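Have a look at the structure below, then the notes.
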Amino acid sequence: MDFVDPTVRSVYETLDLVGVVLYGMIGATIARSRNLDVVGVIFLAIITALGGGMIRDLLIDNGPPAAMQDMRYFGMALLGALVSFMIHMNSRSWEILRVHGDAIVLGVWAAVGSSKALANGLPWSSALFLGVLTVVGGGMIRDVMTGSVPAIFGGATLYATPAALTAAIMVALDEVQKSGVTGDFPLILVGLVVAPCIGAGLMIVAYWRGWVLPGTQDISWAAQRKLRQPMTLARDMSRQRLRLRRRRAKEAADEAAEEAAEEGSDQVSDEDPEDNG
């Protein structure tokens, strides 16, 4: 982040550390729900808070990971674990705070991950991947270590998608700036402000509206065929019932017409010929 405005860098560093505390709290809370001991709680707090960024820096291979060079990161992760020890994180208010804080951190970390990749000369695909990995890497390792399927792989509201959108905006703005269309205007600086807001907004809306990505069983050809079968059967049954109702109505109308004709002929035959004269 040395290539951006000092004010923006300061804000990002602050939000980065706040995110480490929050993710440390999340990791420690999950560890407590699994009845792990103190070592397990601390370890999961550190992995959840720092895992994604450390993997990103190792893949970029430009010196030791940032968390290894600045001990504040480990301190903030431990602070998050300590807070989860002292406060019961199982209320509705904590859930709302966690989601909204997580959304802000998601946008910041995705923007940082993609911008670091771009600053080190990596292609746009790598920047997109590292932006998402920075956000979800720690949580994935945590879930695997606790024997769970990573939450980003399905069942939860949109999470990796907002991170990917944030990284994609950063990549797009970087490409525009490289083209020279904007001249010396620091478009990447605009991205560092706008992209996280969009990503965070999408995650918050997805949470409140319950948006999830469809599973493979929902979009596969076999599943679609299976879904169509009941619909086809119901449509055929509806058509059969309609034809049956029409046939019965026609039969009833024919019977009524025959009865009316028989009654008319009976009346004519019962009349006295003299009365007609």
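Every residue, even glycine, has its Cβ placed from backbone N, Cα and C.
Per TrEMBL, these features apply:
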type     : residues : note
TRANSMEM : 12-31    : transmembrane segment
DOMAIN   : 14-88    : domain 'Glycine transporter'
TRANSMEM : 38-59    : transmembrane segment
TRANSMEM : 71-87    : transmembrane segment
TRANSMEM : 99-118   : transmembrane segment
DOMAIN   : 102-173  : domain 'Glycine transporter'
TRANSMEM : 124-141  : transmembrane segment
TRANSMEM : 153-173  : transmembrane segment
TRANSMEM : 185-208  : transmembrane segment
REGION   : 244-277  : region 'Disordered'
COMPBIAS : 254-277  : compositional bias 'Acidic residues'
Residues from the same chain, set at least six apart from the ends of the transmembrane segment (99-118), whose C-beta lies under 8 A from its own: 1, 4, 12, 15-16, 18-19, 22-23, 26, 52-53, 56-57, 60, 124, 126-128, 130-135, 159, 162-164, 166-167, 170-171, 174, 188, 191-192, 195-201, 203-204, 207
Stretch contact, the transmembrane segment (12-31) with the transmembrane segment (71-87), Cβ-Cβ under 8 Å, 3+ pairs: yes
Of 38-59, 71-87, 153-173, whichever stretch has the most CB pairs under 8 A to the transmembrane segment (124-141): 38-59
Cβ contacts the transmembrane segment (153-173)/the transmembrane segment (185-208), at least three under 8 Å, sequence gap 6 or more: yes
